[in-house]
Amino acid sequence: MASTLLLSNKIPLHRFQPSNRLSSDSDPRNVESISCFGTHLRHGISNKLHLKEVLFSGQSVCSYRLKAISSFSSDDGHPISQEPVQPEKNKSYEQWDSMTAKFAGAANLPFLLLQLPQIVLNTQNLLAGNKSALLAVPWLGMLTGLLGNLSLVSYFIKKMETEAVVVQTLGVISTYVVMLQLAMGEAMPLPHFIVTSIVVASGLVLNFMKYFNLLNLEIWHFWEDFITIAGLATLPQVMWSTFVPYVPNTVLPGVIAFITAVFAVLMGRMGKLSDKGIKFLGLVSGWTATLLFMWMAVAQMWTNLLNPDNIKGLSAVSMLLAMIGNGLMIPRALFIRDFMWFTGSSWGSLFYGWGNLICMYCFKSISREFFLASTLGFLAWIGLTLWRDTQAHGLSSPFTSLKQLVFGP
C-alpha cells in the first residue's frame, strides 16, 4: 500500500510510482502528477526556508514530528487530525537566558569595587605606618585567588563567555593591586611578588591576544600546558603552607605535584594518553583554577581563627561585594549547566563572602542588622535562582536542576 510521510502542519512528502511510459505527455494523469509535484516542490522550498528560520530562532526541528498516514485517507493528502506544535524553547526559557547573561555582566560592578575598600584600608595603614594590620590579609590566599582568576580567564575565553572573561580579568587586576600593597608593607616576600608579577603580565597579554585571535595556536597550547602545570604544582603547596606551623614547613607537596603534572603533560604531548586521559587533562586546568579560587576563602577563614584581632583589618564591604559578585554569576552557571563555574561561584559567595561576614559578626566587627540583612538577601537570591531555573527548563523540582547540573540532562 502506498503511504505518505507528513510533517505535522507542513507539506506531505509523496512517494510516486514510476511510470511505465517513455513520455509523460501522452497521459493526462502524468501531466497532473507533474503539476502537483511542481506545486509541492515550490511548497517544499518555502518550507525549507521556514525551517531555517526556525533553526535561527532557537526552535527545534525535532518539534515537527513525522506522522505516517494512509494515502487513501484524504484526496488531497492533508492529515486527518493535526496537533499543535509546542516550541522546545518557551518564552520563560528565553527570558531567563537573557536575564542570567545580564546578571553575569552586572557582576562586573561588585568585582570592580570588590578590592577597593581593602585597597583604601591598606593605603591608610601604610600611610600610618601600621604595617602589621596588613597581616590580616594572607598573601597566600590572595595568590591562590589571583592564579585562579588568571586561569579562569583562559577557560572562559574558550567558552566565549565574554561577561565572565571581563569579571575574571577585573579580579586579576584588583587582586594584584592588593598584593602590591602587601609587598610594600613587607607582608609578602619580595621574590614571590616579582615572580607573580611576571606571570600576571604574561598571562594577561596572551589571553588578550587569544580573545582577538592574534595568538599563534602553538603558543596558546604552551600557555595551557603552563597553567595546567602551575595550577597542579601550586594548589597542594598552598594548601599545605596554609597550615604551617601546625604541619612541617616543606615544599615537598609542590615538588611532587609539579613532577606529576610535567609527566602528564609530556605524555599528552607525545600522544601516549588515551582519549579519556586527554579529556581529563583538558579539564585539570579549569578545576585547579576553581580550587585555587576556592582555597582563598579557606585561607582567609583560617587566618581569622588563628588571629581574631586581625579581623579588624578586613573590610566588611569587600566581603559583601564578594558575596554579591559571585552570587550574580550563580544563575548563569546553573542555567548553562556548567558545574565547575557553579561550584566556584557558589563557594566564593557562600564561604569567602558570607562565611567571612559570619566571622566578623562573631567577633563583633559588624552590626547584627548588617549581618541579618546580608544573610536574608543571600538566601532569597539562591531561592529565586532555583525557582526561575526550574520554570525556565520546564522541570518539576529544583532538585532536578541540581541533578542535571552534576550528572547532565
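Cβ atoms here come from the backbone N, Cα and C positions, even for glycine.
Residues or ranges marked as transmembrane segment by TrEMBL: 136-157, 164-184, 190-209, 221-240, 246-268, 280-302, 314-335, 370-387.
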Contact between the transmembrane segment (221-240) and the transmembrane segment (370-387) (3 or more Cβ pairs under 8 Å, separation 6+): no
Spatial neighbours of the transmembrane segment (190-209) far in sequence, C-beta under 8 Å, 6+ residues away: 139, 143, 146-147, 150, 153-154, 157, 165, 169, 172, 176, 179-180, 182-183, 215, 219-220, 223, 227, 230
Folded-back contacts onto the transmembrane segment (164-184), same chain, C-beta under 8 angstroms, at least six residues removed: 104-105, 107-108, 111-112, 114-116, 118-119, 122-123, 126, 134, 137, 139, 142-143, 145-146, 149-150, 152-153, 156-157, 190, 193, 196-197, 200, 203-204, 207, 211, 325, 329, 332, 341
For the transmembrane segment (370-387), distant same-chain residues with Cβ under 8 A (at least six beyond the ends): 316, 320, 323, 327, 330-331, 334, 349, 353-354, 357-358, 360-361, 398, 401-402
